[in-house]
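Take a look at the structure set out below.
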Amino acid sequence: MTQDELKQAVAKAAMAYIQPMLEADTIVGVGTGSTANLFIDELAKHKGLFDGTVASSEASAERLKKHGIPVYDLNSVDSIRVYVDGADESNDNLHLIKGGGAALTREKIVAACSDEFVCIADESKLVKVLGDFPLPVEIIPMARGHVARELVKLGGDPVYREGVVTDNGNHILDVYNLEILDPIALEKSIDGIVGVVTNGLFAKRSADVLLLATKEGIKTLKK
C-alpha cells in the first residue's frame, strides 16, 4: 500500500472507531493536516449522526463547512466527546510531535478540552524516541531571537519557518537535533520560555488511542 492508501485506511478506521460515540448532541473535535482532511471526508458521510464539530484550524473549518458540517467556536460548546487528529511522530507511550502544519496551539487546546483523543497515523510515524521530526515551537514574533537562544541551551538547533504565520498571528521555530528522552519534561521546559506560545510536544496531554495504518492492517495502541 502507498502512504496515501494507508492514510485513507486509517481515516476510515477512525470513523468506524468513533461512530458508536455519536449522538444527536455530540461534538467532534477535528484536527489539521492531510490525514485529518481524509477523516473529514469520512465524517461527512455520517453528518446526520452528530451535532457538529470544533476545528483546530481555519483550513479544517473551511473543509468541514464545504461538506455542510456545522463548525462551532470552542467557547460555545460544553464538551468535546472525541478529538481526531494526525501526528508527525508518536512513541510507544502515545506522546506525540505535532505542528508540521503550524496548527499546534489550537490542536493542543482542542485536545485538552476533549474527553478522548484519537490519533491517526501511518506506520512510518511510530518511533522509539521522538525527535527525528523537527519540533515546532509557536512563538510571539518579537521574541524569536530570545526563544531561539534558549532553545539552543536545551540542545536544539532552531530554524525559523520562513513565510509562515499561524492562525493566531504568530511565527514558528522548528527545532532540529533533539533526542527527546523525557517528552513531558521537555514540553514543560520549552513552554516555560518567555515568548513561547506552546510547542509541538503532546506529552502532558498525549493521545488516548493511536490508530496506526500498516501494510498488514490497522493496529490499535492504547495507553
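Quick reminder: no glycine exception, Cβ is built from N, Cα and C everywhere.
Copied from Swiss-Prot, the annotated features are:
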- THR32, GLY33, SER34, THR35, ASP85, GLY86, ALA87, ASP88, LYS98, GLY99, GLY100, GLY101, LYS125: substrate binding site (BINDING)
- GLU107: active site, proton acceptor (ACT_SITE)
Diameter of the substrate binding set by C-alpha atoms, the set being THR32, GLY33, SER34, THR35, ASP85, GLY86, ALA87, ASP88, LYS98, GLY99, GLY100, GLY101, LYS125, in angstrom: 16
Position of peak Cβ density within 10 Å, selected from the binding-site residues THR32, SER34: THR32
Position of peak Cβ density within 10 Å, selected from the binding-site residues LYS98, LYS125: LYS98
Cβ neighbour count within 10 Å of GLU107 (active site, proton acceptor): 32
Cβ neighbours within the same chain of ALA87 (substrate binding site) - under 8 Å, at least six residues apart: LEU96, ILE97, LYS98, CYS119, ALA121, LYS125, PHE202, ALA207
